[in-house]
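Now, the feature entries from TrEMBL:
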DOMAIN    B:14-267  domain 'Glycoside hydrolase family 65 N-terminal'
DOMAIN    B:324-690  domain 'Glycoside hydrolase family 65 central catalytic'
BINDING   B:W359, B:D360, B:K602, B:Q603  substrate binding site
ACT_SITE  B:E490  active site, proton donor
DOMAIN    B:699-760  domain 'Glycoside hydrolase family 65 C-terminal'
2 protein chains.
Amino acid sequence: MNQDYITPNPWSIIEDGFEVDRVQSSESLFSIGNGSMGQRANFEETYTGPSFQGSYIGGVYYPDKTRVGWWKNGYPEYFAKVLNAPNWIGINVIINDEILDLFSCKKVENFRRELNMKEGWLGRSFEATLQNDITIKVDIKRFLSLDQEELGVIDYHITPLNSEAKITFIPYLDSGITNQDTNWEDQFWKTTNKEVSDKQGFIESHTLKTFYHVCTFMESHLFLNGNKSETKGKPLQKEIEVSISFEEQVAQGNTLSLQKYAGYTTSLNHDKSELISAATSVLEKATSEGFEGLLNTQKQAWSEIWKMSDISIDGDVKAQQGIRFNIFQLNQTYTGTDHRLNIGPKGFTGEKYGGSTYWDTEAYCIPFYMATKDQQVARNLLKYRYNHLEKAIENAEKLGFTNGAALYPMVTMNGEESHNEWEITFEEIHRNGAIAYAIFNYHRYTGDYSYIPEMGLEVLIAIARFWEQRATFSTQKNKYVILGVTGPNEYENNVNNNFYTNYIAKWCIDYAVENLRKVEIEYATDYERILQKTKLTTTEIESMLEVADNMYFPYSEEHGVYLQQDGFLDKEMVKVDDLDQDMRPINQHWSWDRILRSPYIKQADTLQGFYFFEHHFKKEEIEKHFDFYEPFTVHESSLSPCVHSIQAALLDRMEQAYAFYLRTSRLDLDDYNKEVKEGCHITSMAGTWMSIVEGFGGMRVKNDQLHFAPKIPKEWTSYSFKVNFRDRILKVEIGHDNTNFTLEKGNQLQIVVNGATVEVK
Amino acid sequence: MNQDYITPNPWSIIEDGFEVDRVQSSESLFSIGNGSMGQRANFEETYTGPSFQGSYIGGVYYPDKTRVGWWKNGYPEYFAKVLNAPNWIGINVIINDEILDLFSCKKVENFRRELNMKEGWLGRSFEATLQNDITIKVDIKRFLSLDQEELGVIDYHITPLNSEAKITFIPYLDSGITNQDTNWEDQFWKTTNKEVSDKQGFIESHTLKTFYHVCTFMESHLFLNGNKSETKGKPLQKEIEVSISFEEQVAQGNTLSLQKYAGYTTSLNHDKSELISAATSVLEKATSEGFEGLLNTQKQAWSEIWKMSDISIDGDVKAQQGIRFNIFQLNQTYTGTDHRLNIGPKGFTGEKYGGSTYWDTEAYCIPFYMATKDQQVARNLLKYRYNHLEKAIENAEKLGFTNGAALYPMVTMNGEESHNEWEITFEEIHRNGAIAYAIFNYHRYTGDYSYIPEMGLEVLIAIARFWEQRATFSTQKNKYVILGVTGPNEYENNVNNNFYTNYIAKWCIDYAVENLRKVEIEYATDYERILQKTKLTTTEIESMLEVADNMYFPYSEEHGVYLQQDGFLDKEMVKVDDLDQDMRPINQHWSWDRILRSPYIKQADTLQGFYFFEHHFKKEEIEKHFDFYEPFTVHESSLSPCVHSIQAALLDRMEQAYAFYLRTSRLDLDDYNKEVKEGCHITSMAGTWMSIVEGFGGMRVKNDQLHFAPKIPKEWTSYSFKVNFRDRILKVEIGHDNTNFTLEKGNQLQIVVNGATVEVK
């Protein structure tokens, strides 16, 4: 654990005390979002210390020019940059002509932040003594409305404590933002219109190239001791900023407060000529409800979310705080209502990694959304990939594949590849497998087969075609090999016969052909349509099966395990525990070549295969592979500990499982990888959920039935979660001596607990 | 062959006719240089068509910030960019108020360029009809003085053919240059001073960051029909430009000409406060000698160079032109007089590839310079690396090596690594071997052992240490393996046990230890000094030998050949001849992953090992490996065909050897790789020299004796070359029926011809 300044609390993330060095980490941890937009927890008022400003609108991106040292054929010319959007949270505060700036105050006391996850708001309070010796008490609450996704609200209170003071609030909108990750002075936004009155302000701007039109808007109301003030605001305009100044003399002990209603209307949801009128409607509705009214609606909306997705843990407040933080962030990032959006690896908490969609969605996020939301949400995620199929085929064509073979991009925003590192972009092709696996997993869990004849089978055929073409027949081995790949473990590049990749490739072909046959028999019309569209021939199917049936898997007779890739055992096999601990994390201490020739595994790779295909292997095999690979795994990817936690639990190694659980659930809160200031690891948070439900709870779906093998870490008294399974809501409560299953929706459900069939009512 | 517009001629490169599409290629091919500075063959007058402006000063570079998509630990923060220097060739020409611009003329006729290699000058002549219907005849000659390395001269003649005309010459200096390879608006130069009179102009500027101070200077003289004109120039200054305008009314048929003396004085050779006075001295000397005087000196200097380094070929003018072009460019690039300089891969003909020094110098260039120059020149090249030893040790430390192990940079200007592509920078480590090999080669050829105890042994120890640390003991193989490398064939990345790398690694250790023992016995004082400095212990030596003695080499029993790397035979082994020819060059048609998993070899790799260590193998072994690897080699590196040519000649495959010879010698003239507009391939030109001397001539040094096995392509009548061997100059003339060896310097020499000892007098 690398930091521990977050106060343990079951429902809130709390920081006590102001430290300049923690500001950027806290900006990440206290981020808020409502699925449609989100923002880092930047201060509203001026702050001149180190800060990472971030405000993001879902689906709004910029195709930035790829710049690499050495160009390789096949690189995309552009990558989808997650754009920092115009800032609407800003409120400059002036106390007797001195700007409030926590970085330059004489004293800051009783500083406290709270991210109240139960109710969905961010609070901040402090007492500051300025250089002019005036001490003020400040109390701020802010949230992004779940109910009105274009709206955010701020309530900003100031009380002068040791004298009267002239207090000036200057709420503003600033369109002059830039990205932190830009090395050059590019502009991404063009401002086209500004309007400002004594109460409201609007800035219209659009992104360059992609022409997303956005109206950033605000309206502010002033209150003295809770009573609406009659003081008029003074409107001001700068080149790319509008602001309104409210000034009032405030007696010692009195409280002046500003309520700011603000947000974005965008051309994603409105005609671009109607953005201001749409914004005006939002403001009208919002101000008529008022801050307290909106806050109540917000609490209500979060209460609905928690009702289904909460996991409660008794007896271990840090574990409790961790899982809720993960669930909260997932719900802030993606609500499932907009099929154009996806789950970005940093959500709305940072801008690292361009694009929004990685294989993380299929491999890690789908189980969470399947079990805690309506099944339409998971189906939307699958549909997202179906909508991108044509672009995935074009992408494969760029790399020399033909005849409708698809390679889904490593990173994407609109279906086009957005990544530019050959060993990943061109070689981390196992991602194709996860997309097929998600189809299998969706059907297994929801029982909804309709997606496959309607859309999924086309995806499966295109992926199977890819693998058929990508495999090479080795006359040496008399088998099909897959050369030059990067597996999930990105600490190996351009290796041959990565077990995980070969295994999922074979599976993809088998699964595609299996479904082809099923659709042929059961959905004849769809079958005809698909055959006509894909021009799939019997010869091609035979050729695919020839590859699948003769796939090579590297295996060590000596160790009785499949090898991560050819030549793995030539490495210097020093276990992680025997490594100089000063060298860790190795990605911050070793040059890339040293990492590559070491045996260290960044994230579950062979074990990811055993996780996905657990049902293909005996427990002894899983154990043998776990014992072989775990000691070499450094977990320097956020996606790693959850898989190990699930497997450790399966193998009854509860201490290890618990350690991995803490690591995955508190990865950001405790900043294990020393990088939380860049943003949180959103997608792996779904892995945390899995490590409880699938790990400790042992939940699996087999033959249309939910199975459980409940376990509990010794540190916990009990824990409980709910899953939505085929229109029933099942509550699972697990203690040390008892397990309760209750149906909260639906009449009855047959489940299997530790091998025994149980009827739940 | 992709273009053939260059007119065959034994001593000149000639282009007849003006074509806009050829301008950039010709700018490369007609480049001139004098070892100290050089320039692309840009036009003196305005040209608004597509052009690639380039003027370069040896040793002047800029440390540009590395920009990569994804940073890897160990990347250098900066890379040495070859800088485009201020332009001094510019002469704007105005005919009756219309600017002469070949891109916008009504008509251009009788356009001709000539690069006269025998005499060392560039000529250009044409007749142009302007939009104002005036037709002028233009004749220009330009050269960079070998005798005065800071000086260049231009003689520019204009004759109005169809009417009288007002002719204005505006010679200028322009400091506002930028690099073509910059994607951003960086400035590399800062102008600090300008001076201009009616005759002379000076601009002082310095590079940013590196602070190389340069005075760019000029003086111009006007002549009418060969008689000095009394017309005064009008000085002009712009922000970063000085110019002088000369205007004269010229009768039809009369000739106005301008002689421009210009060049650079730099802080590399002068105190920065004395650059203008140094420039004035250069101008004084130059103008007193006059254009014709300087041209005579130039012819004389080139005649001296050709006397030693020429290779004449009878009966095959294209072959003749090719080899002379190669020898000419090598001599333009590096004269061996300045030990701070080296042989950049593009010389002074382009800016691609930052830095000046690659392993090309040791692997390809040293034999040429050893045999055609004083042996001090080759020794300077070795000393260059000795001077960089400390930085090579630091470079290795950055990558985790310890205890004085050295890794020489892949690309360098000042000893620091300048490359930023992990698979090359960190993994193409065989370059270390070439640096040791050059020491061996130098001693073998010159017989001068003194470099080893004085400097070379320290280099050898540091390199041996690197290999000892870089190898890994594989318990699987019970051998030392070298994992994660890129061999000379850069179409394979991050492979294990590249034969060439493993072989040269073992050899480096053996050779270091062998010399350690020799120095211990024969140079005891040096030995003490070196041992004290390097702190080399007996244990460390034993550990090195343990690695060398147990090195693993991948071998195929089936084919009876060493394998390029582990797993090579798993590839789809389709020979180059059976490949769809539309796919070639594959680096312009295939994505990188497809190239990597193909068996195609960019440049000699295993065969490079058999070339270097020919004396370790039987002819049958060389033949077997040649037969195995040649069919997979695509020669998409300029460094490839020469090695194959030499080996084909050794194996008596003269047709193949001749084809490879043509390809290497006319690579740029015929633009095989469709990229000559970026600049010429300078370092591989030394390989062309080797393909005649070592290939057809069969020259080798064994046991302090020159051996020859003379052969001649059937296309040639005869050919001859000279080599400087241990202070004797031997002329070799080879025909179909007779071979003559003549000593041009020295009293007598015992050589071995086809196995028989011959005394040459």
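Including glycine, each Cβ sits where the backbone N, Cα and C put it.
Just so you know, TrEMBL annotations never went through curation; they're auto-generated.
Structure coloured by features recorded in TrEMBL.
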{"residue": "B:W359", "record": "substrate binding site", "DSSP class": "coil"}
{"residue": "B:E490", "record": "active site, proton donor", "DSSP class": "coil"}
{"residue": "B:K602", "record": "substrate binding site", "DSSP class": "coil"}
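Sorting each residue of the domain 'Glycoside hydrolase family 65 C-terminal' (B:699-760) by its DSSP state yields 0 helix, 40 strand, 22 coil. Just so you know, the Cβ of B:Q603 (substrate binding site) picks up 24 other Cβ atoms within 10 Å once every protein chain is counted. With the fewest other C-beta atoms within 10 Å around its C-beta, B:E490 stands out among the recorded positions B:D360, B:E490. The predicted model assigns the domain 'Glycoside hydrolase family 65 N-terminal' (B:14-267) a mean pLDDT of 94. Its Cβ placed at the centre, B:K602 (substrate binding site) has 22 other Cβ atoms within 10 Å. Other than B:W359, B:D360, B:K602, B:Q603, the residues of this chain whose Cβ falls within 8 Å of the Cβ centroid of the substrate site are, in sequence order, B:Y358, B:A363, B:P488, B:E490, B:S637, B:L639, B:S640.
B:W359 (substrate binding site) has a Cβ environment of 23 other Cβ atoms inside 10 Å. The binding residues for substrate are recorded as B:W359, B:D360, B:K602, B:Q603; their greatest pairwise CA distance is 16 Å. In sequence order, B:Q603 are the binding-site residues from B:W359, B:D360, B:Q603 with a C-alpha within 10 Å of the C-alpha of B:E490 (active site, proton donor).
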